[in-house]
């Protein structure tokens, strides 16, 4: 039950402000400005909902469990409250959740025995292409399998505290490691499949949290995953988080983008 709750709250909007001077995703730091130019803030109406990644001037990827209506996105943002020179606002014309993802988990807020969170990936088609600048850039899809032990970076505007939700204005980054899927299988009763990646720190203290869903997992400089689900409280020892394994979906993403220019 706690895992399902976190899976849902990872994609809920910001409601609280971070205390002054605190700069953590969970155990992270303020990202250097414009160091993550592919990072996207996905909004439901006017409320931040999830993270996302710009993979083409007209396409953003995020988590399928962020599925909603009336999306809009911000590109080139570091601080969500300030006017910034590279910031670009775009509306979304259409969303494409992966057909293999079980949307009933989200719609019914329940999970039947045997269900899992496989295929937690969605494409968002922008009404107007992004302008590529120093602050807004695309990142390539992976071409090779990630290696266990790789140093990874994940980012987002999610909660900086593990239970009492407090949200930063500035984009947060945290360095973690890619772990074997067996680590996550051992940590959770929920099924961890071959279309998922396991990443975090077994000692705890560094993790994604509420609001980070759909954001990037970049390992050794390569986009390899999208934030999907984890435990609550965030950042607990022996409870790494789970990410969608993008290399398993490159053919599907390219097909959708080609058929919907």
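Residue 1 is the first one shown; counting continues down the chain.
Each Cβ is built from the backbone N, Cα and C atoms, and glycine gets one as well.
Listed features, source Swiss-Prot:
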- 65: active site, charge relay system (ACT_SITE)
- 120: active site, charge relay system (ACT_SITE)
- 213: active site, charge relay system (ACT_SITE)
- 31-173: disulfide bond (DISULFID)
- 50-66: disulfide bond (DISULFID)
- 152-219: disulfide bond (DISULFID)
- 184-198: disulfide bond (DISULFID)
- 209-234: disulfide bond (DISULFID)
- 25-258: domain 'Peptidase S1' (DOMAIN)
- 108: N-linked glycosylation site (CARBOHYD)
- 1-18: signal peptide (SIGNAL)
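Structural mapping of features recorded in Swiss-Prot.
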{"residue": "31", "record": "disulfide bond", "DSSP class": "coil"}
{"residue": "50", "record": "disulfide bond", "DSSP class": "strand"}
{"residue": "65", "record": "active site, charge relay system", "DSSP class": "helix"}
{"residue": "120", "record": "active site, charge relay system", "DSSP class": "coil"}
{"residue": "184", "record": "disulfide bond", "DSSP class": "helix"}
{"residue": "198", "record": "disulfide bond", "DSSP class": "strand"}
{"residue": "209", "record": "disulfide bond", "DSSP class": "coil"}
{"residue": "219", "record": "disulfide bond", "DSSP class": "strand"}
{"residue": "234", "record": "disulfide bond", "DSSP class": "coil"}
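Counting every protein chain shown, 32 other Cβ atoms lie within 10 Å of the Cβ of residue 50 (disulfide bond).
The two recorded residues, residue 66 (disulfide bond) and residue 31 (disulfide bond), have Cα atoms 23 Å apart. On a Cα basis, residue 50 (disulfide bond) lies 20 Å away from residue 152 (disulfide bond).
Put simply, 65 is the one of the recorded positions 50, 65, 173, 184 whose Cα lies nearest to the Cα of residue 120 (active site, charge relay system).
Separating the Cα atoms of residue 213 (active site, charge relay system) and residue 219 (disulfide bond) is a whole-number distance of 17 Å. The Cα atom of residue 198 (disulfide bond) lies nearest to that of 219, taking the recorded positions 50, 65, 173, 219, 234 as the candidates. Cα distances from residue 65 (active site, charge relay system) to the disulfide-bonded residues 173, 209, 219 are smallest for 209. Per-site Cβ counts within 10 Å over the disulfide-bonded residues 31, 209 peak at 209. Of all the disulfide-bonded residues listed here (66, 173, 198), the one with the fewest other CB atoms within 10 A of its own CB is 173.
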